[in-house]
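Chemist: Following this message is one structure expressed as structure tokens.
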Amino acid sequence: MSGVWGAGGPRCQAALAVLASLCRARPPPLGLDVETCQSFELQPPEQSPSAADSGTSVSLLAVVVIVCGVALVAVFFFLFWKLCWMPWRNKEASSPSSANPASEILQSPSSRGNMADKLKDPSALGFLEAAVKISHTSPDIPAEVQMSVKEHIMRHTKLQRQTTEPASSTRHTSFKRHLPRQMHVSSVDYGNELPPAAAEQPTSIGRIKPELYKQKSVDGDEAKSEAAKSCGKINFSLRYDYESETLIVRILKAFDLPAKDFCGSSDPYVKIYLLPDRKCKLQTRVHRKTLNPTFDENFHFPVPYEELADRKLHLSVFDFDRFSRHDMIGEVILDNLFEASDLSRETSIWKDIQYATSESVDLGEIMFSLCYLPTAGRLTLTVIKCRNLKAMDITGYSDPYVKVSLLCDGRRLKKKKTTIKKNTLNPVYNEAIIFDIPPENMDQVSLLISVMDYDRVGHNEIIGVCRVGISAEGLGRDHWNEMLAYPRKPIAHWHCLAEVKKSFKEGTPRL
């Protein structure tokens, strides 16, 4: 019966009430045990053992859960209070501060208000240095105190640098401008505590002095370039014999030649040309195992006096090698034979031997004029003439013509050419080539002038090239800038022809 207490609806309740009334009757009806009726009367539904036990278990479980939750919340708040609450941390940090004078200065409210006065005292700067070191690792120091200390140290650093650093030359100011400013605690001015020797020297340890490194690197680069270009000197003399119409070249001696052999010496000799004629090649004797040879040899070049102004003297110094190709030491090119005198008497000349790996070939020169009309956007190149061109045919002549290419960003936009002049090394053209170029595009274009040799059977060969434009070098850039500076006026110049090292690279020949 106890298992069904509280179950069912009104009928069950009515049945239970009837059973309870029967049990209370005296004597009980037949079929009912007296002990059963007593237990039924003494244990009402709300006091049954099973119901009491289940209620007690649920209550105990709820109490345990509540207690555990309260404990976890208490632990969480305790940890938060210990770790994150700033007033407690300031209180804990202030307890050992009495042992540290720097901390007392930085933590006391009065010191914060009078920090500017205390910074002026030299005796407090020792504590400031410790405070700066602490501020890099501990967040206990307030931000405004740290900022004031840093500003004071930076101000003293600048004053100390201005008074103790030597003035550097203007040669290195551009390099120093790119170096970052660094603050060092050791560079603080300590007043009269430092000895005079220490006050005279910069106290910022670890600072880079760019003038030392740059001076060394500049000197090293200059020495390296001089060593690369210096190949000794050569002494020769020139004299013209008017009776025989002969130019007499006397090779006297060479001095301080570079060593080409493993034993530290060379076997030098000299080749002599009177350009543009390369067929007449003269050569000195070979001098063995010496870097300062004495030649003292005369060489005769038959040439009319009127042609001397168009001739160049080319001296090539070689090292003789019996078993392999002769090594070139360097060369000397004398463009003006009348540089030293009028050649009526013998004149001694000293020249530096220029470094060269192979004999430079005189390809000739071309003369042309440039004229630009900004309003019409028209560029006119007039090919006037060429002289002393290189002979490309077996007959000793060439069939030259000039090809002009308009280049923009490495691409060839247009090309035009002159007529062909047969069997000549000094052609005269006087032909105009016109290109339409807007003024806003003049900084993006250049002209490539190629002197070609016409061949009826095979491919036409390039004798030499030159280039004018903003991206050109030397005379090519100067000629272009002069044309832009004087519009509507033809500007004419002679240009030397150069070899093409590589035919085409991205549409542009390399000179």
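Every residue, even glycine, has its Cβ placed from backbone N, Cα and C.
So Swiss-Prot lists these for the protein:
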BINDING   Asp261, Asp319, Asp321, Asp327  Ca(2+) 2 binding site
COMPBIAS  93-103  compositional bias 'Low complexity'
COMPBIAS  160-172  compositional bias 'Polar residues'
DOMAIN    230-351  domain 'C2 1'
REGION    12-38  region 'Cysteine motif'
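Where in this structure would I find these features, and how exposed are they?
Modeler: Cβ neighbour count for Asp319 (Ca(2+) 2 binding site) (all protein chains, 10 Å cutoff from its Cβ): 19.
Across the residues of the domain 'C2 1' (230-351), the predicted structure has a mean pLDDT of 87.
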Chemist: Hey, does DSSP put Asp321 (Ca(2+) 2 binding site) in a helix, a strand, or just coil?
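Modeler: DSSP call for Asp321 (Ca(2+) 2 binding site): coil, neither helix nor strand.
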Chemist: Out of Asp261, Asp321, Asp327, give me whichever of these binding-site residues has the highest number of other Cβ atoms within 10 Å.
Modeler: Asp327
Chemist: Quick check: which same-chain residues outside Asp261, Asp319, Asp321, Asp327 lie with their CB within 8 A of the centre of the Ca(2+) 2 site CB atoms?
Modeler: Lys260, Ser266, Asp267, Phe318, Phe320, His326
